[in-house]
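Asks: Sharing a structure, written as structure tokens. Questions coming.
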Amino acid sequence: MSGGASATGPRRGPPGLEDTTSKKKQKDRANQESKDGDPRKETGSRYVAQAGLEPLASGDPSASASHAAGITGSRHRTRLFFPSSSGSASTPQEEQTKEGACEDPHDLLATPTPELLLDWRQSAEEVIVKLRVGVGPLQLEDVDAAFTDTDCVVRFAGGQQWGGVFYAEIKSSCAKVQTRKGSLLHLTLPKKVPMLTWPSLLVEADEQLCIPPLNSQTCLLGSEENLAPLAGEKAVPPGNDPVSPAMVRSRNPGKDDCAKEEMAVAADAATLVDEPESMVNLAFVKNDSYEKGPDSVVVHVYVKEICRDTSRVLFREQDFTLIFQTRDGNFLRLHPGCGPHTTFRWQVKLRNLIEPEQCTFCFTASRIDICLRKRQSQRWGGLEAPAARVGGAKVAVPTGPTPLDSTPPGGAPHPLTGQEEARAVEKDKSKARSEDTGLDSVATRTPMEHVTPKPETHLASPKPTCMVPPMPHSPVSGDSVEEEEEEEKKVCLPGFTGLVNLGNTCFMNSVIQSLSNTRELRDFFHDRSFEAEINYNNPLGTGGRLAIGFAVLLRALWKGTHHAFQPSKLKAIVASKASQFTGYAQHDAQEFMAFLLDGLHEDLNRIQNKPYTETVDSDGRPDEVVAEEAWQRHKMRNDSFIVDLFQGQYKSKLVCPVCAKVSITFDPFLYLPVPLPQKQKVLPVFYFAREPHSKPIKFLVSVSKENSTASEVLDSLSQSVHVKPENLRLAEVIKNRFHRVFLPSHSLDTVSPSDTLLCFELLSSELAKERVVVLEVQQRPQVPSVPISKCAACQRKQQSEDEKLKRCTRCYRVGYCNQLCQKTHWPDHKGLCRPENIGYPFLVSVPASRLTYARLAQLLEGYARYSVSVFQPPFQPGRMALESQSPGCTTLLSTGSLEAGDSERDPIQPPELQLVTPMAEGDTGLPRVWAAPDRGPVPSTSGISSEMLASGPIEVGSLPAGERVSRPEAAVPGYQHPSEAMNAHTPQFFIYKIDSSNREQRLEDKGDTPLELGDDCSLALVWRNNERLQEFVLVASKELECAEDPGSAGEAARAGHFTLDQCLNLFTRPEVLAPEEAWYCPQCKQHREASKQLLLWRLPNVLIVQLKRFSFRSFIWRDKINDLVEFPVRNLDLSKFCIGQKEEQLPSYDLYAVINHYGGMIGGHYTACARLPNDRSSQRSDVGWRLFDDSTVTTVDESQVVTRYAYVLFYRRRNSPVERPPRAGHSEHHPDLGPAAEAAASQASRIWQELEAEEEPVPEGSGPLGPWGPQDWVGPLPRGPTTPDEGCLRYFVLGTVAALVALVLNVFYPLVSQSRWR
């Protein structure tokens, strides 16, 4: 590797080449210093110290000779390491070095010693240096290492030492020193700037003079080398080229002219670029790409409001660079310190070569479209190069930058397949070999490809990076070559490996990804602790095959060596045990999860021989004792790490409806299947307080569309108005009268949101200390507002004064010529013969001892004013009270002339008739009453029209004596106060009592004597609107005056939204068992439909909650609930649902994984969102939220985790660690293994080797397959839906087609076949 080459010092080229290069560099440096100023003056003593450093390279006699000759200014001296010969006498300078641990390595002098630096390599976050010291074993006590952020010095007991100045800064406080077998010393150096690629381990002396210190904001993720300085970057002077020494070492002396020509071209290209005010390098921009045919690749870059005048795309053979400015506020907020004038740059190193001249781009309103023309017609399988070799070390970076923005499922670029990845790696290897051999193979490349990227110095603000800690490796026996190979194979960050869809296996992929982010389960399987607990003799298990297969798959997901991994082995193991998972049909993710965890439990069950146990009832014993006995009985048969981590316990309570026998048992659970509230409907309910002075309040109450009861409304209103539900009455009003009064158990399924519901607060007998009379009250006018212009029976219009129409005296709404017409029309009219009501009816509750006429009238008038408008017109002197009938009024016809047969056939006789005033031309026949128009609400009583005040004669029947007025009084406009109305001699209304036989009787005012009213009667409030009376009132219905409840404003929006608390409440609510689930009562000796209630008793460390979104009514009627269920991401408190023994700390949980389901019952797609919690705190994450969409893995924000598609939730309990079993050998854990078990153990060992060897490249073309299996898929990978809604539409169409086909097969086909046989 080049790291080792660097350790031996620079290889000298021919003297002529060195002199020419040195002169050219000195000349360019002089020009640069005259333009920008001397960098030594700017940085002060730092450069002075570097200039005075004179280390000697080991094994380089020329360097030693140069030092002896006093040549101190040579530009080819390299600060690499500082070894000193062992066994030589210590000089005073060396003694001073041994005393000071942090001495500046710049001032050390070295003598030639054997080579110490063996190799070095780097990952995304750290650099590992390997030193070989001697032959014998090496102890940490013999090593003295001193680190700073820029350099290090390592001394050994034998007198050797090594050190130097690093290419970039490190975290000196986190540096580690470890010893390995074979006298190896490993130095682990965490990078201060993660994801920054180091071209070399140590820096050259001349580089320190021209490269400024690394900025902590320099976080470049992507290509390892910038092949040309672009607009916005400071051009690197040719003399300061950091790779120039390395290039000189690798060149062939015969190719010097070509090399100098390349450097000259690079310098000329660099000086042509002007430096702008600011330039920000972007590690990632939201994008996607796809291959358009065999010759093109289309890239969509999603940036809005781009300034087209200053934006452009630069193309080269192996990369392209987007330079742009944007005014998009959302984009600028992601980059603090940046504004509309900030220039951004995003460079992408491509997977294969392109034709720059044939590439195009265009700007749209919301994105940039880039079309890349391939140099060769071949399938890329991805956009960016997966990895590259820089400085001799293979850099482990993702195929593409880790996205910082969320993308919908299927919106990310396709990953690189394994075969293409292998070809790319071989291409990199051959390219590296060609560069080492000479310039012949390099001459075809562009000159700028040899320029190593210079660290950015003009970053406006720190950019976010993906800080992914590597997965801890277990100690490996033997050499560390295997570990080094895995590091070199890394192509993505740990935890960003997807799973290939083998064919409708998205349900399996989502479950595996969620379980792989369960911290305790991941660590348990990764460090192979589970091997000590494999139960090889369990007939219910797989002999350890499932556990080992799951461990291999889990390790592959966290090694970062695959973009996507095929879970085919695990699927085959599962299918061998459960035949329903054979093939490529769709399955329920929760069903697969339950089987997988149960299979892992059986493979890891610590119980070798399961004893027989029985379920024991409580029999009146304390719950604590019964629960502990049940748990220990369960652990006698089931004891594994899966039980310790996932299983809890709930209390089941059954009550017999006949004998009231109570049975209490305690059962374990692996997950909680919580039901979802049914679809909601919002009902408007008007609440009337007990006292009429409080204005009614309109509430919006959400109830279930099916199986809802009045108790739901009463309970909701009870919480809002703080009144007990038993003191509330709910009634439905239709056409101004009570349609029905609901009991709490009555159903509301037939009530629609357009119906009118009234809720009344009633006085309780406990509060009144006596009997309370509850009365229904309805309102109606004395004279209805129905026009009468013709006979209702013969339809003959009134012709003359002598032929007057007569009204029906019961309803006053129809008229007849005579009694014969009335008798003819009576069968049709009797169902509608009732008075016309106005306003809203209401309920009043009065203590029996205070039920006086004055109190009753006050309550009635107080409630009535909210739904009717009342106006008393001014008094007219010419109007007098009617003492007798009008002279022109005809005598009432008697009903005695009806035939007896008719009376027997119809016990309800037609009422008497009353004359109607003749209708004039154009007269409506209406009494002069303020009638409410049908087209809108009635105006307020403050404005009275002249039509309302007009009066006209009307013929009426004889009036009761109580209705006569003794003297005229001046009328008071507007509504009168109840006290005034009571004191007035003429009331505005009359009160009638209606008994159970529907007979009416007017109530008389008895002063302070209470009225005797039974519970079976109701009241009618009759308004005096007869214009023939001296003091009449104008009355009409109006819209109910009420106040809006502010808390109900968002009830309509929340109708389709539920909370997890509501679901848990439904889970713990008692329910009646269905007939097919009847419980056998041991006391009745019969099956009973008992009531059952489940309550949580013992909570697990990892709580899995399934939202029961699927409902199966029949084969055809199946449904999925897609309503949003709001669940907490942080701090789920289950203390109110757990009735077990209370602990000191509340049972709080944090979400770490979600399985989502898109689509319907027939077709759908599963994805998963997950994060890796910290091992000590579930609130923190070692790896943030990611979206797993089969083989595509992208980062998402935590705010996007809660969606309406969530199906299975994974919660981790706070401050409740699960102790893992100690790792032990199989013989120690199972000392009595028989030959069969030993054979199974040997087979398990072979499984390890077989499954680990299965980590082969993903075959090209694998992906979401059809139901015919992987071998039947040909062609490129199909792209998933861009957004979840698009996927839902696709699955909805497919589901509809499948439902129609099923309907035809089940309904029409049998009919056709039957008719054919007939």
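Glycine is no exception: its Cβ is also placed from the backbone N, Cα and C atoms.
Checked Swiss-Prot, it gives:
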type: TOPO_DOM; residues: 1-1291; note: topological domain 'Cytoplasmic'
type: COMPBIAS; residues: 28-44; note: compositional bias 'Basic and acidic residues'
type: COMPBIAS; residues: 83-94; note: compositional bias 'Polar residues'
type: COMPBIAS; residues: 95-107; note: compositional bias 'Basic and acidic residues'
type: COMPBIAS; residues: 420-436; note: compositional bias 'Basic and acidic residues'
type: COMPBIAS; residues: 447-457; note: compositional bias 'Basic and acidic residues'
type: DOMAIN; residues: 497-1214; note: domain 'USP'
type: ZN_FING; residues: 791-833; note: zinc finger
type: BINDING; residues: Cys808, Cys811, His829, Cys833; note: Zn(2+) 2 binding site
type: ACT_SITE; residues: His1165; note: active site, proton acceptor
type: COMPBIAS; residues: 1218-1232; note: compositional bias 'Basic and acidic residues'
type: TOPO_DOM; residues: 1313-1318; note: topological domain 'Lumenal'
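Are these features on the surface or tucked inside, and what touches them?
Replies: Across the topological domain 'Cytoplasmic' (1-1291), the prediction's mean pLDDT works out to 70.
In terms of DSSP helix, strand and coil, the zinc finger (791-833) has 11 helix, 6 strand, 26 coil.
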Asks: By a 10 A CB contact count over all chains shown, which of the binding-site residues listed here is most packed: Cys808, Cys811, Cys833?
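Replies: Neighbour-count leader: Cys808.
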Asks: Counting other Cβ atoms within 10 Å of each residue's Cβ, which of the recorded positions His829, His1165 comes out lowest?
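Replies: Output over recorded positions His829, His1165: least Cβ neighbours within 10 Å is His829.
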Asks: Using C-alpha atoms only, work out the spacing between Cys811 (Zn(2+) 2 binding site) and His1165 (active site, proton acceptor) and round it to an integer in Å.
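Replies: Distance (Cα to Cα, whole Å): 65 Å.
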